[in-house]
Amino acid sequence: MEIERLNALSDNYIFLLYDPAQKIAAVVDPAEPEPVFRRLEALQVDLVAIFNTHHHGDHVGANQALINRYPHLCVYGGKEDRGRIPGQQLFLEEGDRVEFAGRWAEVFFVPGHTRAHIAYYFPPVNPGDYGELFCGDTLFSGGCGRLFEGTPGQMVASLTKLRSLPDQTRVWCAHEYTLNNLKFALTVDPNNAALQQRYREVEKHRAEDLPTIPAILGTEKLTNPFLRWDSPALAMTMDSSEPVQVFARLRGKKDNF
């Protein structure tokens, strides 16, 4: 299974999964149809699935156009998103598994950003390989999504699930927010040497207009404050030893950053 990033809107990524041997493809969170159409035609592959993480327009905006051109494809989304994702046919919940090109993805229910958000995780095939996590707007590189429909407690529970995955997991989040997220992270975790180093690297990448996605989960665990709600440094900064309260205060600060 090959994975490509497709740029969309101002800072979105659509992820194209494809198998050159079987000539089939799937897309994760298609915001716009044209980038997908162009790449499918260039690769000469058939679109068989849309994997949606949640219902927001910048994640499902291309669903209907893709269905119109590829009417046989299957649209996957969360069970709680029934009626909110265009063309949805399969309604997934925690513990479900979905197949693409001989690979099976595990489904995680990760409410917080929305009440129905899900994530897809393809475990590694061989020892030493990376797992692939498609997490929409739940976990960002250096950050996490705003809480539009969920609570801090729900988001901490959701991020705990994702944090428990192996360090050697590639994080395919749906927006290029890394540099701004790390700028914020430095305001709440200024003495974190790993974070300081990562910020310098990301700043250089973005100056050269290079993408920072996928991120690596092991790096996120060391540098992303929204995966470090239980670290002593952040507990001190947020003046709380209660993880959900630490997270809520972090999120409140980020919302106003």
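Cβ atoms are placed via backbone N, Cα and C, with glycine included.
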Pick from HIS72, HIS175: which one does Swiss-Prot list with ASP58, HIS59, ASP137 for the same Zn(2+) 2 site? HIS175
Within 10 Å of HIS175 (Zn(2+) 2 binding site) by C-alpha distance: pick out those among the binding-site residues HIS54, HIS56, HIS113, ASP137, and say none if nothing qualifies. ASP137
Those residues of the chain, 6+ apart, with a Cβ under 8 Å from that of HIS59 (Zn(2+) 2 binding site): ASP29, PRO30, ALA31, ASN52, THR53, GLY136, ASP137, ALA174
For the Zn(2+) 2 site given as ASP58, HIS59, ASP137, HIS175, which other residues of the same chain have their Cβ within 8 Å of the site's Cβ centre? ASN12, ASP29, ALA31, HIS54, HIS56, GLY136, ALA174
Residue among the binding-site residues HIS54, HIS56, HIS113, HIS175 whose Cβ has the most other Cβ atoms within 10 Å: HIS54
Excluding HIS54, HIS56, HIS113, ASP137, which residues of the same chain place their Cβ within 8 Å of the centroid of the Cβ atoms of the recorded Zn(2+) 1 site? THR53, HIS55, HIS59, THR114, HIS117, GLY136, THR138, GLY145, PHE148, ALA174
Which residue, out of the binding-site residues ASP58, ASP137, shows the minimum number of other Cβ atoms inside 10 Å of its Cβ in this structure? ASP58
